[in-house]
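Novice: In case it's useful when we look at the structure, here is the feature table from TrEMBL:
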- 82-92: compositional bias 'Basic and acidic residues' (COMPBIAS)
- 339-349: compositional bias 'Polar residues' (COMPBIAS)
- 386-417: compositional bias 'Basic and acidic residues' (COMPBIAS)
- 426-442: compositional bias 'Basic and acidic residues' (COMPBIAS)
- 443-452: compositional bias 'Basic residues' (COMPBIAS)
- 453-463: compositional bias 'Basic and acidic residues' (COMPBIAS)
- 6-178: domain 'PPIase cyclophilin-type' (DOMAIN)
- 255-333: domain 'RRM' (DOMAIN)
- 55-92: region 'Disordered' (REGION)
- 339-358: region 'Disordered' (REGION)
- 367-463: region 'Disordered' (REGION)
Amino acid sequence: MSVLLETSAGDITIDLLVKDAPKCCENFLKLCKIKYYNYSPIYHVQPNFSFQTGDPIGPEAKDSHGGTSVWGLPDGATKRASRPDKAAFRPEFASKRKHAERGTVSMATTPSNANPEERLAGSQFIITLGDNIEQLDGKAAIFGEVAEGFDALEKINTAFIDHSGRPLQDIRILHTVVLDDPYDDPPGLVEPPSSPMPSAEQRATVRIAHDEVLEEQHDVEQMERLRREREARAQALTLELIGDLPFADVTPPEQILFVCKLNPVTRDEDLELIFSRFGKILSCEVIRDRKTGDSLQYAFIEFATKEDCERAYFKMQGVLIDDHRIHVDFSQSVSKLSNDWRSSTNSKTARSKGGFGGFDSLEKRRQFRGAEGGRERSDGYNYVFEKGERRRAAQQDAGMLERDPVQDRKLDREPLKQRARSRSPKRQDRLERYRDDDGGRRREQRRHRSRDRYRDGRDRSSR
């Protein structure tokens, strides 16, 4: 016995295991017969694991009741059970059947409220998308296997899904066809004459319809524009991170004009005189090379109001100035705005605090002692022993002390005193002890040597 599921991803043929799970097969066959699964969404897609379906409205909808078995006699329009006490049943768990192969079909079960060890099933079923899915063994009751339609399973497996496993573009069961049904219909079961139309609750759960064609962007100009916009946003974010922009979405001022193709001889005063007839000008600057001072042939003109700037833009485009036809456009530069913001930020933080860079615990690194903001130009080398001379020279330069020519000449002629060598305490004690013990004997020896030399000299002179 087999059932054909016509889905928006393709047809899936399921062979039923009647001998292993007769009750599950009967429930599934009869629900397909009364078109209960028509327009049911596919949800809880886990790539290479499984997907779940069977809830006619969908578990995320507020009107969803989770589905019902065929013995609950669901209504054809609302899909709700006419006999709620029969909405669930106890499925069969075949011990020899495992979720070992891709395409295994099983009923989704949930623990019973009365007995947690007992599991109940309704209408929802699971189809595996991978091999050896041991996590479902004992929790899902196997009743069939996919015979045909593995390409449809692959489309479902690779579909784009959200965080809950719901495909972004709907994948739904469109029709169900029972190829063979050996079971008798339960009492009160009514088979519809044709496939019913989707209910209002089902239509409300549509995100992107399964038959909606998503057009790809093939316009070269539009794709290039989108690429440039993404690149500009990325660069703006980088400038924000390094502190060059106050924020990434900063917009250029609307009252500044950009003028280019100027004659190199055109000056700031010339442009200001020409554009001043459109309104008050706050600043007019021709950009020049920093080293040579030559004009770079473009300028920025800032007006007091946006209206004056727009009037100048429409009137001055293509006008001849100094034999050059200029080009006028609205400024896209935010460098001036960034400089103002950076200066304002620094003045509110670092400049108002002590220390270096706004931190009291930091001090500016100095290469030479006494250097403030750079190396001092002096005749000395800023050694420690020159501190007095440097202080006196600084006071004299500031006019606090009068210079003494005699003292200056004396300081120039007097050489620097050489610092005495220090001795360790142990060595000093040793020398003092040596002097105390042997001092007398050494003096006596020196006296005897001098007396002997005197006698030798007198003897030689007498000879």
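Heads up, residue numbers simply count up from 1 along the chain you see.
Heads up, the Cβ atoms here are built off N, Cα and C, so glycines get one too.
Tell me about the surroundings of these features in the structure.
Specialist: Counting residues per DSSP class in helix, strand and coil order gives 3 helix, 1 strand, 7 coil for the compositional bias 'Basic and acidic residues' (82-92).
Note on the region 'Disordered' (55-92): residues 20-24, 26-27, 30-31, 34-41, 43-44, 107, 109, 118-124, 141, 143, 164, 166, 186, 188-190, 192, 196, 199, 201-202, 204-205 of its chain, located 6 or more positions outside it, place their CB under 8 angstroms from a CB of the stretch.
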Novice: What does the DSSP secondary structure composition of the domain 'RRM' (255-333) look like, as residue counts for helix, strand and coil?
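Specialist: For the domain 'RRM' (255-333), the helix, strand and coil counts are 22 helix, 30 strand, 27 coil.
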